[in-house]
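Copied over from Swiss-Prot:
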{"type": "DNA_BIND", "residues": "147-240", "note": "DNA-binding region"}
{"type": "DNA_BIND", "residues": "339-430", "note": "DNA-binding region"}
{"type": "DNA_BIND", "residues": "450-543", "note": "DNA-binding region"}
{"type": "REGION", "residues": "572-605", "note": "region 'Disordered'"}
{"type": "COMPBIAS", "residues": "591-605", "note": "compositional bias 'Polar residues'"}
{"type": "DNA_BIND", "residues": "731-824", "note": "DNA-binding region"}
{"type": "COMPBIAS", "residues": "852-867", "note": "compositional bias 'Polar residues'"}
{"type": "REGION", "residues": "852-882", "note": "region 'Disordered'"}
{"type": "DNA_BIND", "residues": "934-1029", "note": "DNA-binding region"}
Amino acid sequence: MAPFLASPIRLHPCPLLFSHPHLFGSDYFAFSVKGRGAHLESMRVENKRGNRSWGTDAKRTHPNSIFNQLVRYGYIGTGFPDMNCSLTWSLIGGPSTLSLPSFFPSAHLLLSLALFFFLCIQSNHRMSKSGCERCRGRGFWDTDDQDTYFFKVMIGGFRRQMTIPYKFAENFRDQIQGTIKLKARNGNTCSVLVDKCSNKLVLTKGWAEFANSHDIKMGDFLVFRYTGNSQFEVKIFDPSGCVKAASHNAVNIGQHAQNMQGDPIEILSCSDEHLRAQSLTTERQNQPEKDVIDNCNKKMKTEHASSSEDDQETPTAEVHRMKVEEMVRAIHSNHPVFVAVMKKSNVTRQPCYVAISRKYANEYFPGGDQMLTLQRHGKRWQVKFCISKRKLRMLSKGWRKFTRDNELQHWAPLALFITLFFSPHFRKMKKCGQKMRKLNTRSTARDDQEKYFFKVMIGDFHKRMTIPDKFARHFKGVISKTIKLEPRSGYTFDVQVTKKLNILVLGSGWESFVNAHDLNMGDFLVFKYNGDFLLQVLIFDPSGCEKSTSCSMENAIDHVGQGWKEHNDISTSYHDQPKGNKHWMQKDSSSKGNKIGNTRSSNTPSKFSGCILPRGTCLPVVQEKKMKEKIQAIHSKTPMYGNVMTKCNVSGSPCVLEITQLYDDAYLPFNNGQELMLRHRDKSWKVRFYRFKNKSRKLTQASSLYKMRRPGARCREGHAHFNGNHIDGQYKNFFKVMIGRFRERMIIPNEFLQYFRGKIPRTIKLQLRDGCTYDVQVTKNLGKISLQSGWKAFVTAHDLQMGDFLVFSYDGISKLKVLIFGPSGCEKVHSRSTLKNATHCGEKWEEPLHISSNSHDLPVKSPQNVSKSEKQWDSSEQENDTANIEEVALQGDDLQGHPVLNCILPKHTRLTDMQKQQLESKVGAIHSEIPIYGCILRKSRVHGKSQTVDICREYADVYLPFKELNMTLQRHGKNWEVLCRTKDTRTKRLSTGWSRFAQENNLQVGDICLFELLKKKEYSMNVHIIPKK
């Protein structure tokens, strides 16, 4: 609706200034329209920044045709008064104002005011009108809808610029460009310029500083949320899906110089006059950056006047001030920056050094002489910081190499006055009461009580072991000089911690731990930090199974069960004793008198629910549990006596076994020297019982038959097998390294299968630390048990990569608890997004299946009708599919009359000796990790109208878990698309496309087709043919 005036009135040119709700940031535009009557002379739209303008000569043109172009861009409403006018108005972001000449007549003033407010009301009315589909569709930039998101993945040249998605960019006006603010999670903001390039909105100037300050890398994931007022909130995620920890360099860019409170800038050189110069005052708290630079300039002028001939080559203070100002703005550091102007003496004098002011050195290098690391362009140099006899703080040893590698030549003008910045690795602690940034708790998924890392024993692991840097951060700079290592045996070892080149190293005491547990090259150790500087250790051998330490501990510990200090009454129950781990003090093998002595125990005979132990006996959890089971199985009315075998009991001279006086007085009414009979496993031995003057009771003579010799290699293997199968009925451990084709399946070590005691369910649950579980089916192929169906979904959900380490812990009830470690040795933390593919544990478990020695090379996975997209099995179907693996294997023998290694044939297949020999030779030449499916072609498969090939259910359920899919058959470099679908009998049938494959490859009746499933290509098969003739 166009405004209307009763009679034509001539208006003097005057600016009408009013706000416009569509403007972006500080951009504003000017629209100039001049003309008389129904014709306009010209119209021009100009960006007041001068970087964009457009106009048109509108002679003999009706004003509505001109203003319709403005309407098209949404800046004004439709129509314009048909009158003689000459108006100029500007759209800005400020308040509505009106400016008129002072000599303007009152009548004209009233008419101008009426016209102005009418246009404002028309524009605002049309913008707020709910029926404006154009406005609602475009989602204008500064509308009330502020919760607008988009994300970007950092790929390609993301460091230079970033393009805003096209759909989101529709919120910008086509002609609007300006500056937006990016706000990170730590509250720091950065101003970034938005430019239009090839009809795309691009973040250019300021984006590189934002990316560098927040350490954004390739593959990072950024989520942008528009909060209004041209400001975005940015959340940064790393490739693992976790929120990225805020970088120490993430400061408020653009206001860095103003916000650095109390951070001085030191500008010094190596001349004696400069060494006596004082550092800049720290009264920079409320001083703007320009004043700081001016102070630097004044100081440089003073130094310049008093310098030597070398210093006379110094450029003007103004040039130096500009360089310093530019570099200060370019560096974004939370630490004070030290500036040193390079002189001729800094690069040519012998010895070559650069001096650092005393105030700066005392505050940020308080440790005296130390080695520092200088970084430039990704390279590092070790430089020594020292204090000379003249109390000068300087960088000396290694500085000359730094100058040479960076080509700092004194004759080059740029090299003479290069300004170097040193940002120390120490953070200046703020005084109490100042506002301090809160720690980023989200970046730490759990508290410090349960942190894991692993180490592989390689190199000179016998002498020392380094702790990963990422794990060392959990100590938060506070580390004890001694840390405790606690293996599964329950004994603790004190190991000293030293720091070498900023790396934590386990030194003194580590060698004793290695010898006690017989650690060898390739062993795999998992450490769990439980607080109070205690590391629990799991030890694995190269096979991936947990290593038994009982035998090796026997060699390292001289006395077990002796030297106990605490004393309790015999009537005291064992369970009333304070629980604690046995603690051993070690000395390195290099020191004399190397012994591992017991320093902590309880020390009176104790009653163990029907068993009396000697004073001070403290058993590990494993032995305690086994002892309880043994006592309950015996059902003795008389309390039993138990003792822990020590060195003197099995190898002493004489070899004796001591019995406590209290037990003797109550239950051994024998005469001194009386013979007793000991029985074990249907054998008997005679021993003699003695009472000595020191009131000790001992069994001697024949007890030497019980002598336990130091185990050899064969004995150790037997002990390892026995202890591994009998210690602690739950939580057996093994590990796997993700190498090769780990995404398809994972093989369980044969040594670990003994813990299942011959029984394993068809489905095993994998449980992560966050509590979510994944159902993975178990198959048997080529004599190996592997996790297959469902394993790929687990790998994908947790983004397992080549080189990752997985530690599995079996709880005894068909559940494997999993810890995931990255190649760095530290535990990987995953986002909550992995929960969507997980199924929580149920209360019911499947009946276990018996693994018989009769099972051969056939897959034993339970048949399931699942589609390709299905990643979890329905629990009700699983309960109905449990069967005996031995029965399946026997069926396999019936199905496959002539079994061939790594090849599955359909039921009732009969091969001649020649065919079997050819088949074994062909299968062996293929070297396929996945079993090959073979079939003999009958007439219906190569002749007739409906030529098809059936794949047996046993193979299809395991390796072709889909209902219908187009598969690719390959032979001699050619490809054929063949439809594979599921029949009612749950077998797979190759139908559409098979006849063409058979004709082009000239297949004949009696030929043997071998289908090799390829791993690199999804559901592609390489076909091998053995001709009949």
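Backbone N, Cα and C define each Cβ position, glycine as well.
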### Message
Ranking 147-240, 450-543, 934-1029 by the number of C-beta pairs under 8 Å to the DNA-binding region (731-824), which range is first?
### Response
450-543
### Task
Grab the pLDDT values for the DNA-binding region (147-240) and give me their mean, rounded.
80
### Query
Counting each residue once, how many in the DNA-binding region (731-824) are helix, strand and coil under DSSP?
14 helix, 41 strand, 39 coil
### Message
Is it possible to list how many residues within the DNA-binding region (934-1029) are helical, extended or coil according to DSSP?
### Response
18 helix, 40 strand, 38 coil
### Query
What are the helix, strand and coil residue counts for the DNA-binding region (147-240) according to DSSP?
11 helix, 42 strand, 41 coil
